Amino acid sequence: MKTYTNVKDLGDLKAAVKEALEIKKNRYAYKHLGENKTLLMVFFNSSLRTRLSTQKAGMNLGMNTIVLDINQGAWKLETERGVIMDGDKTEHLLEAIPVMGCYCDIIGVRAFAQFENKQDDYEEKILNQFIKYSGKPVFSMEAATGHPLQAFADLITIEEYKKTERPKVVLTWAPHPKALPQAVPNSFADFMNEADVDFVITHPEGYELGSQFVRGAKIEYDQDKALAGADFVYAKNWAAYTDPNYGKILSKDRAWTISTEKMALTNNAYFMHCLPVRRNMIVTDEVIESPQSIVIPEAANREISAQTVIKRILENL
Ligand code: AN0
Ligand code: CP
């Protein structure tokens with residue numbers, strides 16, 4: 001594997017999940033692979049899980065790991081070419097990226113959608129410059145349009161908890177006070193569409209996601225109908241994708257919050273969320289604290305998805 005930005009990079013998805021579950025059984029079995037290799041993790045945005053789990057994954061593989069927070073101590077970076085740099089930006093991304101590439105063997109990048117220019121976001125302007133100019137294999141740690149390490153961990157978790165061959169998995173929009181990217185729901189849809197599940201997406205009108213991610217998934221605008229018979233409820237907020245509302249909040253309707261009443265409509269479903277989650281906006285205290293909530297094992301699987309991806313990249317260096 002040379003880059004990891006979406007489900008296709010994993011090839012045979014069943015084989016990838018199988019490999020991940022094998023790694024989980026003995027996560028130190030490949031410690032030799034990363035010897036004298038350095039993983040650089042570059043963050044343009046905050047993180048708790050991705051930072052810790054990816055660093056841990058690299059260490060499990062015997063790698064040295066370096067974390068760079070661009071907004072804390074690094075020079076302010078200009079990202080546009082042709083700009084006369086007489087403002088507050090000290091360094092250009094076009095020098096910074098190849099320099100970062102000099103000090104490592106693999107680079108993970110977190111660069112969220114900025115909601116300033118839809119085309120820039122959906123062309124993955126920042127991530128693709130790392131791929132093009134770093135000279136090193138690059139993987140996404142949540143970029144503008146996707147969070148494939150999260151979705152891979154989600155699929156591993158569903159595989160571990162499913163009680164039927166083909167479970168019903170419902171991705172539901174839920175309210176949030178701030179405009180959030182579509183990266184998590186995009187990647188979740190990207191993966192579920194390739195997995196052996198009955199996949200349904202529910203959201204208020206106006207929150208349609210990009211067709212390149214939704215593909216053939218069922219859309220149900222009535223959340224109660226969507227939840228009926230669900231085996232897994234995956235809640236997430238996202239801001240509008242479609243024009244002219246790209247990046248806007250259209251609703252904060254708490255009728256969409258996942259509550260005990262909503263969960264009662266399901267087939268005793270498991271509750272999932274990528275975290276961080278705002279309680280009593282996305283999900284009530286009762287539901288997230290219930291035995292059906294698997295948000296912690298889901299987060300734990302981030303170490304496993306990251307390790308599977310980094311292992312495959314190391315094997316191809
Ligand atoms: C981010 C998002 O929604 O994309 C990260 C989630 C993993 N969430 C927030 O910014 C709260
Ligand atoms: N789920 C996830 O990626 O969490 P962080 O933003 O804390 O890394």
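Cβ from N, Cα, C; glycine included.
If you check TrEMBL, you get these features:
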BINDING   S47, L48, R49, T50, W75, R110, H147, P148, L149, Q150, C274, L275, R302  carbamoyl phosphate binding site
BINDING   E142, H176, K236, R278  N(2)-succinyl-L-ornithine binding site
DOMAIN    9-160  domain 'Aspartate/ornithine carbamoyltransferase carbamoyl-P binding'
DOMAIN    184-310  domain 'Aspartate/ornithine carbamoyltransferase Asp/Orn-binding'
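Within 10 Å of the C-beta atom of R278 (N(2)-succinyl-L-ornithine binding site) sit 15 other C-beta atoms, taking all shown protein chains into account. In the domain 'Aspartate/ornithine carbamoyltransferase Asp/Orn-binding' (184-310), helix, strand and coil residues by DSSP number 46 helix, 19 strand, 62 coil. A Cβ distance below 6 Å to any atom of ligand 1 is met by none of the binding-site residues S47, R49, R278. Close contacts with ligand 2, defined as a Cβ under 6 Å from any of its atoms, occur at S47 among the binding-site residues S47, H176, K236. Taking the C-alpha atom of S47 (carbamoyl phosphate binding site) as reference, the shortest distance to any of the binding-site residues E142, H176, K236, R278 belongs to E142. Under a cutoff of 8 A between CB atoms, and with a sequence separation of 6+ in the same chain, the neighbours of E142 (N(2)-succinyl-L-ornithine binding site) are N45, S47, T50, R110, F112, L149, Q150, P181, A183, V184.
Local packing around the binding-site residues R49, K236, R302 was summarised as the count of other Cβ atoms within 10 Å of each Cβ; on this measure the leading residue is R302. Nearest to H176 (N(2)-succinyl-L-ornithine binding site) in space, judged by Cα atoms and limited to the binding-site residues R49, H147, C274, is C274.
Taking a C-beta cut-off of under 8 Å and a sequence gap of six or more, C274 (carbamoyl phosphate binding site) has these contacts in its own chain: R49, H147, Q150, D154, V184, K236, E298. The most densely surrounded of the binding-site residues H147, H176, judged by C-beta neighbours within 10 angstroms, is H147. Between the C-alpha atoms of R278 (N(2)-succinyl-L-ornithine binding site) and R302 (carbamoyl phosphate binding site), the distance comes to 20 Å.
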